[in-house]
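These come from TrEMBL:
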BINDING   100, 101, 102, 103, 104, 105, 106, 107  ATP binding site
DOMAIN    17-345  domain 'Kinesin motor'
Ligand SMILES: Nc1ncnc2c1ncn2[C@@H]1O[C@H](COP(=O)(O)OP(=O)(O)OP(=O)(O)O)[C@@H](O)[C@H]1O
Ligand SMILES: [Mg+2]
C-alpha cells in the first residue's frame, strides 16, 4: 500500500508560518553492523521521499526540504536559518527547532561536532548563525549601530536553568505586556564579535546536562534554548528588536533501546512527557474539529517557552532529525508524522502591530487611522507578526470579550503577569473568553 502523507495539496501552496524540513543523518556503525545498513527511506527528490515501515508498507512524505545523508551543514543553514537571521536583523522574531529521536542528529545539526569547530564542512547552525548575524550587521554600515545579546537556558527535569548562572535554577517563563514570551531574570550577555559569541556559547554548552546512553554517547538530557536579541541602538529604529531563538530539544527515547536506569530513566520520562505536551499543542493548533479552542501551552515548560514560535508570533523552522536505519523506522515514522502535523499549523496573512510613540496606543495595521498611515505621526515600532488561526472564532467573538480584555489589561498593570495569565486561562476554560493565542495578535 502506498499512502500519500503530504502530497496533496502541495505543502508549498499552503500558507504556514512553520517551515518544516526533515534531515537524515548517515547510518552509524552499530546500524551498519546489526542491520546490514538497510534503510527505510527512498529518495524521490529534494522535497519528497518514500518511507517503508517494518511491514514494508510505503508512505510518501513531502516537506519544504529534505536533507539526505549526503547533505551539507552549509545547505541546512542556507535554507533554514539564513532567511530567519535576515528577519531577526530587521526586527522580526524567529525560531529554529531541532526535533527527533535520541541520536538522530539534533545537536549535531545545531552545534556541529562542537560549537568551536572551524571546519566548514562540519560547522553547525549556531556558529553559522553567529557569523550571519555579525555579517548582516557589518553590512548595515556605520549609520545604524546594533546591540546583540545572548541568553542560554535549559529545561532540565521541568526546571528552567540559566546556563550562564547556575544559581538561577528555576526561572519563570512569562508573557510581557506585548504577549511575547520571556524568561524572567535570565542572564543576558552582550556580544561584540563572533569570537566572543562562540566562547560564550561554548561556556554555556559546557553547563548543559548530557548523559551517556546505549543510543548516544553524548545524549542531551535537557531542552536547550539559545536566545539572541538584535536591537538597533540608533534613535530612529530603536523599537525594532528582533529575537532569534534556536532550540535543541532532548530526544524522544524508548527506554528498552537506550537502557536508561536510575537518573537517566527519570530524565527520559520527563523528556518524553514534555515532548508529548509539545505534540498535544501541535494537535490542538491543527485540529479544527477540537471542541474547545484551548491550546495547552501551560502543560509543560517547553510548550510555554515555544508559545511564540508555535502561536504565530515568530517565523519558525522545524528540523525533523531522523535515523535512516530500518532498526529505527517506527521512531522515524513518528518524527515524520510530527513534522507533517506541524506543517499544518496555519497562519493568517501577516499582520502589523503599530505602537504610537506619543500615546502608547496600539493598532492592528488594518485599524490604523488614515492620518497615522500617511506618516503624520512617528511610529516607534512596526513589527511583522504572522498570526495563527487554528479555528476562525475571531469574527464570532462576543462583544463582552472586548470588555474582559480591557479588564485583563488593567489587571496586568497592577498584578504579576503570571497571575493575570492564570485568571485569563480560567475565563477561557469557563467559556467566558476566547483564547487570545488562537486569535493571533491580541490588542489589549
Ligand atoms: N549529519 C551527520 N553527519 C555526521 N554525523 C552525525 C550527523 N548527525 C549526527 N551525527 C552523529 O550522530 C551522533 C548522535 O548525534 P546527536 O548527538 O546530534 O543526536 P541527538 O539527536 O542530539 O541525540 P539526543 O537526543 O540523545 O541528544 C553523534 O555522534 C553525531 O556526531
Ligand atoms: Mg542532543
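Each position is counted from 1, following the chain as shown.
Yeah, the Cβs are placed from backbone N, Cα and C, and that goes for glycine too.
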| field | For residue 101 (ATP binding site), the three-state class that DSSP assigns | value | strand
| request: Note the mean pLDDT of the domain 'Kinesin motor' (17-345), expressed as a whole number. | output: 93
| message | Give me the long-range Cβ neighbours of residue 107 (ATP binding site): same chain, 6+ apart, Cβ under 8 Å, in sequence order. | response | 98, 218, 220, 248
| task | Please go through the binding-site residues 101, 102, 104, 105, 107 one by one and keep those whose C-beta falls under 6 A from any atom of ligand 1; give the result in sequence order. | result | 102, 104, 105, 107
| field | Cβ packing number for residue 101 (ATP binding site), 10 Å threshold | value | 24
| request: Please work out the number of neighbouring Cβ atoms within 10 Å of the Cβ of residue 100 (ATP binding site), leaving out its own Cβ. | output: 29
| Given the ATP site residues 100, 101, 102, 103, 104, 105, 106, 107, which other residues of that chain have a Cβ within 8 Å of the mean position of their Cβ atoms, reported in sequence order? | 25, 98, 108, 216, 251, 321, 323
| said: Sequence gap of 6 or more, Cβ distance under 8 Å: name the residues on the same chain that satisfy this around residue 103 (ATP binding site), in order along the sequence. | reply: 28, 215, 216, 219, 251, 323
| task | Please list, in sequence order, those binding-site residues from 100, 101, 103, 104, 105, 107 with the Cβ less than 6 Å from ligand 2. | result | 107
